[in-house]
Structures are given as structure tokens and as C-alpha cells.
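Undergrad: Sharing a structure below in C-alpha cells format, with a few things to ask.
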Amino acid sequence: LTLCCKGPPPPRPEYDVVCIGLTGSGKTSLLSRLCSENTDNVVPTTGFSIKAVPFQNAILNVKELGGADNIKKYWSRYYQGSQGVIFVLDSASSEEDLEIARNELHSALQHPQLCTLPFLILANHQDKPAARSVQEVRV
């Protein structure tokens, strides 16, 4: 005998998303927060990590790619199958780092496997005194 006649809930759709940005931009912290994980001991990602971020109506399978110089050159190897892109930038970074981030973003926007996908560009670290406004970091 069953106590409920509703049956199992329908499966939530899953979407594969790639998360990129320079080292220190806050990619790992962002994903940890979205997964309700502790962010006290976050360390830079070497290589990549994958997290399933649950939302009420969908699940995002986010592939976070490390942002170090020796890793960025391999980013494109992980783009295949992506259905969206999260680009995280440190809005409080130096002008030089902001320019590097801008170049990486433009490269991603022009990549054949990403150019037709939706992009979320997150200007992170808005709580820092040196943070630039959205207008100041515009592409």
C-alpha cells in the first residue's frame, strides 16, 4: 500500500555550464556558496572541478576551470558540450589584471564552441573598497 498517490517528482532538467575567470576572481567561492558549502578554506582550483548546483526548477552541472596561466591554455578542451558560460572577474583587481580578464573574456566570446551560448559575466568582489562599478568594468 502506498500512502501517497502522487508518485515521484518529475526529473529537473540539467544544464552543463563552464565557469572561467582568472585566479582569485572568486569562482570556487561562488560555486561553494551556491551549493551551501563552507567557504572558509577555499583554495585555488588546479585543473578543474565539477559541482552540481541545484535550483528549484533545474540543476546546473558547473565545470569550474582553474584560472592560472599554465591552466588557461587548456580551457578550450573543456568547452565541448557546454550550454552556458559563467565568466567571473575580480572587480577590485588591478588595471593590468582587469585587462587580462577582458582579453580572456573576448577570447571566450569568440570561441566557436562558446560564441552562441548564453554568458553570465559576474563582477565579483563588489564588497571590497577598490571594487569598480559595472559601468567601469563593461566590456
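Residue positions begin at 1 at the first shown residue.
The backbone N, Cα and C atoms fix where each Cβ goes, and this holds for glycine too.
Any TrEMBL annotation is an automated prediction that lacks curation.
Just so it is clear, the model here is predicted, and its values are computed rather than measured.
Feature list, courtesy of TrEMBL:
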type: BINDING; residues: GLY21, LEU22, THR23, GLY24, SER25, GLY26, LYS27, THR28, GLY67, ASN124, HIS125, GLN126, ASP127; note: GTP binding site
type: BINDING; residues: THR28, THR45; note: Mg(2+) binding site
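Locate each feature and note its surroundings.
TA: The Cβ of LYS27 (GTP binding site) has CYS19, ILE20, GLY21, THR45, GLU64, GLY67, ILE86, VAL88 as same-chain neighbours under 8 Å, each 6 or more residues away in sequence.
Counting only same-chain residues six or more apart in sequence, the Cβ atoms lying under 8 angstroms from the Cβ of THR28 (Mg(2+) binding site) belong to VAL42, VAL43, PRO44, THR45, SER49, GLU64.
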Undergrad: Pick out which of the binding-site residues THR23, SER25 has the most other Cβ atoms within 10 Å of its own Cβ.
TA: SER25
